[in-house]
Every structure is written in C-alpha cells, then in structure tokens.
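One structure below.
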Amino acid sequence: MGRRAKMVEKVKTLMETHEQIRNMGICAHIDHGKTTLSDNLLAGAGMISKELAGDQLALDFDEEEAARGITIYAANVSMVHEYSGKEYLINLIDTPGHVDFGGDVTRAMRAIDGAVVVCCAVEGVMPQTETVLRQALKEKVKPVLFINKVDRLINELKLTPEELQGRFMKIIAEVNKLIEKMAPEEFKKEWLCDVANGKVAFGSAYNNWAISVPYMQRSGISFKDIIDYCEQENQKELAEKAPLHEVVLDMSIKHLPNPLTAQKYRIPNIWKGDAESTIGKSMVACDPNGPLAGVVTKIIVDKHAGAISACRLFSGRIKQGDDLYLVGSKQKARAQQVSIFMGAERVQVPSISAGNICALTGLREATAGETVCSPSEILEPGFESLSHTSEPVITVAIEAKNTKDLPKLIEILRQIAREDNTVRVEINEETGEHLISGMGELHIEVITNTKIGRDGGIEVDVGEPIVVYRETIMGTSPEIEGKSPNKHNKLYMIAEPMEESVYAAYVEGKLHDEDYKKKTTADGEARLVEAGLEKDQAKKVMSIYNGNMIVNMTRGIVQLDEARELIIEGFKEGVRNGPLAAEKVQGVKIRLVDATFHEDAIHRGPAQIIPAVRFGVRDAVAQAKPVLLEPMQSVYINTPQDYMGDGMKEINNRRGQILDMEQEGDMSIIKSSVPVAEMFGFAGAIRGATQGRCLWSVEFSGFERVPNELQPKIAKQIRDRKGLKSE
C-alpha cells in the first residue's frame, strides 16, 4: 500500500474522532505566501514531494492560477499529522488573497473553525490581512499567526536580532489590535495571539522552516542562530532542524479548536433556529447520529463528474445514495458520490459524519451557501446567508461570437452564478446582451477568459468595463399616491432615508433580505430594534430588499393582508431602478401610510396592485432628493520616499483623497480613497510613476455620493448607455 493510500485509510478512521479533527484555513493578503505554506504543509504530511514544494503550488491546480501565480479559488485537502503521540486529521483550505476573489474567502470561513493568518514580515499587516481577519472573526473562526518571509528581513534588510524582534512585536501588536476590535465579545482576550504560549510562528514558507517560542525552548535554537543560518545561505539545514510543517501544524492542533468545541459557539452565530430543538442540540453537540445538517461552501465544476459541492457537515451523516433536501432552492437531491478532497483529486468514501468537510456530487441545483438536510427532517430556517465585505463594482456585456453557442453560454453563466455568489449575471432584455458584474477587473477577466473561454470553449466578445453605480435619497418625499391602472386601488406612501445604523447593520450582514409573511418575526423584530429602528416600526416591516425596506404603518385595512405579497413585489420592482439613471436604489425606507382597495378581489389582482406600488415607490424616491452613489476603493501604496510625490500625484489625478501617510525606514505608506471609475489602468500608471518600485493594493470600501458637479454628467452618460431618454 503506497503512502497516499495509507493516508486515505487513516483519514477514514480519524473522521469519526471529533477531538482529533481540525478544520482550518490559511488566509492572508495577496502574495504573503499562503499557497507556498499550504504546499509545504502537504509535503511534510507526505502528500506531495518535498523537492517540489514551494515551487509546485499543489493547491493552485487550475491552469489560470499557475499562470498568474496567484490563488483564485479556495482549494481543499485532507491530511494527517502526528502531535504528542496522537494522529490528527487536518482538513485544510487555502484561500485567495486577491481582493477580487474575496467571495471564496467568505465561503471558506463558513467551513472552518480555525485559521492560520499569514503575514509577510517585510510588508506587515496589509488591507486584505484586515479583511480576511474580519471575515474569520465574524464567522467565529479562531486565528493563529504565521509571520512569513523572515529570511528577507535578514538577507535583504540586514536586521539585527533586536530589530527582528521589534519588527515581529509591531506586527503582532497590529494583529492583536484588530482581534480586540473585531473579535466576538467573549473571545476578545482569549483569542489574542500570544508569542509566549506559541500562538505565533515565524519562518520562511519558501525555504521550508519555521520557529515558535515553545519550539525554540524545546530545540535550543535562538534568533541569533536563525540569522546565522540565513546569512550563511544554509536554510536547508535550518529546515531540517525546524521543519515548517511540524511547527505550524503543532501550533494549529494545540491552539485551534476541534469541531466539538467550535460548534458550541459557532452554531448560534450561523443558525437562528430554535436552539432547544432536536436538530439545534444535535448541531451544537456535533452529533453524527443526529438529523442531517450541512452547508455547501463551494461549487467546483469537474469536466467528468459535473458540479461537485464542497460541504461542511454540522450534524448527522451522509452516505452514498442518500436522499437530501436543499433548503434555499426547495429541491430534493441525491448524494451520488461522497468523497474527501485531496487537492485536485477526490477519494470516494462510504460515508461522511458531522464535523468534517466533504465533496458531494448529485446536488445539481445547489449554490454556495445552500443548506443541506434530510427530506424527512427539514432544517428551518436554513443557515444564515453568507455576507461579503465587497460588492460587484464592475460590469461587462458579453455576447457569443457564434449564435449557435448561445444555449451553452446561458448554461455556463447559470453555473458560474451558482458557483460564485459574488458574481451577478443578468440578461439585458432589449439588447440580448448578457451582463456580468464582478469584484474587479481580474475577477471579470478570469470569468470571461477562463470559465467561458477555456473551460467552456466559447468565444465571446467582451464589452468595455462599466462601473456599477447606486442611487439613494437625501430627503423625505411628500405623501405620494400610487394608483392602479383601473383607478380602483390607491396606496399612499412616503420615502425617507433609512436610519444610518439600520443600513450599517444590513451592510455588515446583521440584517438581510427577507419578506415577512404576516408580521415581522420575533427574531427579525429584535434585530431591527437592536440596529436602531423604532419598536413601533420594527413590528411592521413587510420586506427588506437590496438595502431598502417597506413598513406598513396603516391601521385596520382588511384587504391589505390579502394584497401583502403583491405590495412587496411592487416595492421590489420600484427600488430595482432609480429615477436618475435606472441604477439600483439603496438605503431607502418606504412608509405605507394609507390605502383604499376595490371590494371585489378580481379588481385588485397582481396586474393592478404591483404597478400601483411600483409607480408609487418610484415617484416617492424621485421626490425625495435622489442622488447618485459611486463605488470607492481604499488604495494603499508602499513606495520608496523618492517616489512618494509621484504616488500622491497619481492618486490626486484620479479624484482620490489621501487619508493617511506613514514613514517606515526609507519607505512611505500612502493610504487613500479613490472612485472605482477612476481606477482603470491604475496598475500600469503607478508602476510607471514609481519605476516599478512600489507595492500597492486595493479594497472595496463602500459607496459614496458622487460630487454634485458630476451628478448630471454621470447620470446622462449612464442613461445614454442604457438607451433611456434624457431627463
């Protein structure tokens, strides 16, 4: 039996022992060394050859990733590691660090209980470090820290042992400051990265060595020894004395929780059902014999097997051939194959139990974030939806070059939307174009070139990228009458800005899109009040949609309950297109204050009520001082001081705002905010301005009001592009 086959047998055995399972992820800012670290962990565990680790990038098994040298999708792998005489099963997920692929990070966080946050010793804490940490802590995923590229501090920056320790302490202090700010209240102190007890490791993933304070005490290696090894270019010997996989995996097993421990505090955070129900108790206890409950965290498309769903099980067990139920899409499915992940391969197993991550085939209609349960015991409600820190900010129109490819193109686009819920796919009914919205230029490029072109074999024409704008209101409208086409039904409403704290809660994922069937649920009401909505209104919310809400403030109108679903549909249609440029509306609260209906139900059907509400909402928004909002990005530039002026000039030329500047040695760090509309071609321009000597990164930072003097011009450009008549 080969080494790999033995590993599979061990994995099958360990899957049943919760205390010896760790579901963990590796996350970081782009190019801080996540995938190199993952590969060396795999090599140490005997999954790939040691000679190739570091260059092989086993988890970058997509051609596009290997070509770009960055991780685009989150890859999964199971492996075994021995610690203190016991074997442990490690389910490892390597996540992308590039801001355009943040959706994969969000989805991976739902599957794992602990994370190794990788931070480059040279660059320190960067924007994406903060973002991935925020996402981890929001999902109650416990972090430990690995400071990578330490050899560069010694060989390139020539730091002394004292300076080395100073640099480490600065990075650790910054990470701990973020943990204290963002961790759940009960873990703010407990989850801090403490060097002394081994929650921090230092090393070089590329050169395959790592060290932690407990390991230094055990092995007798000091910082001075490390400097000597690096200066003498003898890092191979250092890797034998302090192997990376041993130090990092020991740290992970000791400090990251097993599923039994983690699910006790994670389940109440991601599932808002009855904690005292059988399934509620079973999930908290991670019971393999309880009712089935799991969540799909990723969809991978395999040329031979079709759609494969990566799934984290919180309760129960899945066997091959089991009937399943998908809560979100309300569909039944069957588990055709049950497997574990081994990088690009999947190994079939007879069954998978609670606390593990598995691969399922047969879930055709599943999307990322879907709740999986048994048809005989349906999980109500499903798991909380996955909320992302970024939103799609760029749209392109695509058309198949050959019309016979159209049906296939539509199928691929459907598949992409299922795989990646940060992508929006729409069909422009008038032009027949398909519109794809994504997180940035690279995200869109990977979808059009790789997913459609390379994998789908379809040649497409891709239009110029278009920025996604939003509309909101600055004032309150008068009372507006919405009248049905037959003039027999009238609804009266007022549009006003949503409370800032309520909208902020929506953006943070504490509130989400929801229709309330009769009245606000008790849980929904409590969340709304906590977010800052008046109790009187919180009871009467009819629907929250795309960051807008409608509240029923009428009294004693009998027919209103019958028309409730139609009113909600009319409200949704009303906020899909704003009055200025037919862009989506956000941050608007519609108060329904009165209504009169025809007594005969036949005269108050969908064709009457939906248009009445839709026109009423649009009119109310149009009379409440509407304004355009544009997406913004935080831009961080790290450049030698000689080029600081050029870097600042580049930001200022793009309507940017310098927010902060820091000096570190002979480097300057510029923090700024720039509209996405001005960021096209930035990569080439900033490299030119600093002669290629800068590091830079961007991150979505929300929507801001377009300056007054540009509002009419941008609104006209959007209207012209959409073929709408000019206002």
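Going from the start of the chain as shown, residues are counted 1 onward.
Each residue, glycine too, has its Cβ placed from N, Cα and C.
Around VAL150 (GTP binding site), the C-beta neighbours below 8 angstroms that are at least 6 residues distant in the chain are ALA121, LEU164, PHE202, GLY203, SER204, ILE226, CYS230. VAL150 (GTP binding site) carries a helical DSSP state (H, G or I). Marked as GTP binding site by Swiss-Prot: 28-35, 94-98, 148-151.
According to Swiss-Prot, the domain 'tr-type G' annotation covers 19-260.
In this structure, HIS603 (diphthamide) is part of a helix by DSSP. Annotation comment: Swiss-Prot describes HIS603 as diphthamide.
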Between HIS603 (diphthamide) and ALA28 (GTP binding site): CA-CA distance (Å): 59
Taken over the domain 'tr-type G' (19-260), the model's mean pLDDT: 78
In the chain carrying HIS603 (diphthamide), residues 6 or more apart in sequence that have Cβ under 8 angstroms from it: ASN486, HIS488, ASN489
